[in-house]
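Working notes, beginning with the structure itself.
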Amino acid sequence: MTVNTTDRLAALRSLMKERSVDIYVVPSEDSHASEYITDCDARRTFISGFSGSAGTAVVTLDKAALATDGRYFNQASKQLDENWHLLKTGLQDVPTWQEWTADESAGGKTVGIDPTLISPAVAEKLNGDIKKHGGSGLKAVTENLVDLVWGESRPPRPSEPVFLLGAKYAGKGAAEKLTDLRKELEKKKAAAFVVSMLDEIAWLFNLRGNDITYNPVFFSYAIVTKDSATLYVDESKLTDEVKQYLAENGTEIKPYTDLFKDTEVLANAAKSTSESEKPTKYLVSNKASWALKLALGGEKHVDEVRSPIGDAKAIKNETELEGMRKCHIRDGAALIKYFAWLEDQLVNKKAKLNEVEAADQLEKFRSEQSDFVGLSFDTISSTGPNGAIIHYKPERGACSVIDPNAIYLCDSGAQFYDGTTDVTRTLHFGQPTAAEKKSYTLVLKGNIALDTAVFPKGTSGFALDALARQFLWKYGLDYRHGTGHGVGSFLNVHEGPIGIGTRKAYIDVPLAPGNVLSIEPGYYEDGNYGIRIENLAIVREVKTEHQFGDKPYLGFEHITMVPYCRKLIDESLLTQEEKDWLNKSNEEIRKNMAGYFDGDQLTTDWLLRETSPF
């Protein structure tokens, strides 16, 4: 649905003129660099009408541009009104939003941004680019201008309860995690680490919340020094159990709004050191805000680092890994029941079900499983051409009826107390064409190739990406998204710093035993269909005949327990090794589903058919 943004842009431009700003940048993120945000922080969506999770809006006094990546080209072209120009990031000869902004700044123009919504590295590079192109520079505008346009209709900030995640699920206490973090401070000779990422704070203190839909996090900051820890959070959200737990771990509670006041105290303390002493250094994540770096005293006193908390969080302990395995079995049972039910509804009962009605039923089946908390993201329930919109979101009351004679793509996930799931399966309830079967099988071959890969410790996801694409590449085909992302343990479904893809950030982060990430190659034909096959996998050490360079070798243990669509597989394109892999995988699924469908003949028959040997 397209939103008319004419009045909103006019109001924003009026505020820009009042503040001597010629160009205003509106990022997607909140002040914690969250990928998924709460409604009151959806500023880019409000000003542009584009609701995808990634993108940046740039507004001049007479133009407006929205930059997003290949996952959202289709969606953005449908949602943006005539006021906006779409910058298709990654395509040849298309400028990035930074390049477009710098070009527009020529002639001494000032570019403004809310400094809490941009990292120091991006801000500093943008400032340099603006000046190179003849602009006056990047200005920190402390009042968010979109918030002022939004006014009283802006949703309130959530204040959901915060609860303790016990050792049964976390596997490691907050006191031990704080000790490990302090060792990192000592190594880096830093006085404190100011924590701004919400999932890092939740993990560090073994707490969870519900301030951002689908993400069990809560609005907070933290400061950890060698002998103290302070959690900045609205205290009314904390139960007595949480307060006691924090006290036992030596953590002081302060209001969320006190963070910047206390960073000024730290900055003043750092400035008071004598010239003969080494300057006091504070650590922040390389995803922390420009505002936070400025508040701590700027370049002299702040080191931006890949967060040691993020690195530790990405390597799950044995309790977390076992939880991930178990919740994927329960999640698999819900999905298998759903796909059997959906086929029966569409084929046997000739029911007319729309995409949202189907997704609601999947959520119902998931909610029947133990330790279920909620979904981990909006279910992508997509029929036919909607599947080609990579992050499609069916709208209640305005979505398509599922066509049994078209490809159906379902990308969904859940939050359980013992883990987070994310799985995509592509199905056909009628008779697929030879071209559809070929496309599906090429994607499946890529999934198998990556799942069975063995690689030396120290290998990054950047280096592995081509394994999943190679079969598509042989036919001149590809997909415009990463092949894999890290996944949290009852935390965010997208978790850094690891991933599989061509992002430069992945080059410097090797995969390590205990990582959990997705393997999800795909193929999309605009206006026709989308195919994606996604499993979650644990990185683990594997035994090899040799260990060149005395390095251990790693591989994947896939934990998703859902079969692949039998009728979409072209067996003639599979090698015997790939058939053996499928047979082993299907046998494992059957074994893990024992007892889940007793008395449910419909689901049992579907499972036996879809997992029959090749």
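Each residue, glycine too, has its Cβ placed from N, Cα and C.
The Mn(2+) 2 binding site feature in Swiss-Prot is assigned to ASP411, ASP422, GLU534; the stated evidence is similarity to another entry. Mapped onto three states, the DSSP output places ASP411 (Mn(2+) 2 binding site) in strand.
Look at Swiss-Prot and you will find ASP422, GLU520, GLU534 tagged as Mn(2+) 1 binding site. For the recorded site, GLU520 (Mn(2+) 1 binding site), the DSSP three-state label reads coil.
Apart from the site residues ASP411, ASP422, GLU534, the chain places the Cβ of ILE380, SER412, GLY413, VAL423, THR424, SER518, GLU520, ARG532 no farther than 8 Å from the centroid of the site's Cβ atoms, the recorded Mn(2+) 2 location. Distances between the Cα of GLU520 (Mn(2+) 1 binding site) and those of the binding-site residues ASP411, ASP422, GLU534 are shortest for GLU534. Long-range neighbours of ASP411 (Mn(2+) 2 binding site) (same chain, six or more residues apart, CB within less than 8 Å of its CB): THR379, ILE380, ASP422, VAL423, THR424, ARG532, GLU534. Listed in sequence order, the residues ASP411, VAL423, THR424, GLY484, SER518, ILE519, ARG532, ASN535, LEU536 complete the 8 Å Cβ shell around the Mn(2+) 1 site centroid, once ASP422, GLU520, GLU534 themselves are left out. Within 10 Å of the C-beta atom of ASP422 (Mn(2+) 2 binding site) sit 24 other C-beta atoms, taking all shown protein chains into account. The Cβ neighbour count for GLU520 (Mn(2+) 1 binding site), using a 10 Å radius and every protein chain shown, is 26. Under the DSSP three-state reduction, GLU534 (Mn(2+) 2 binding site) is assigned to strand.
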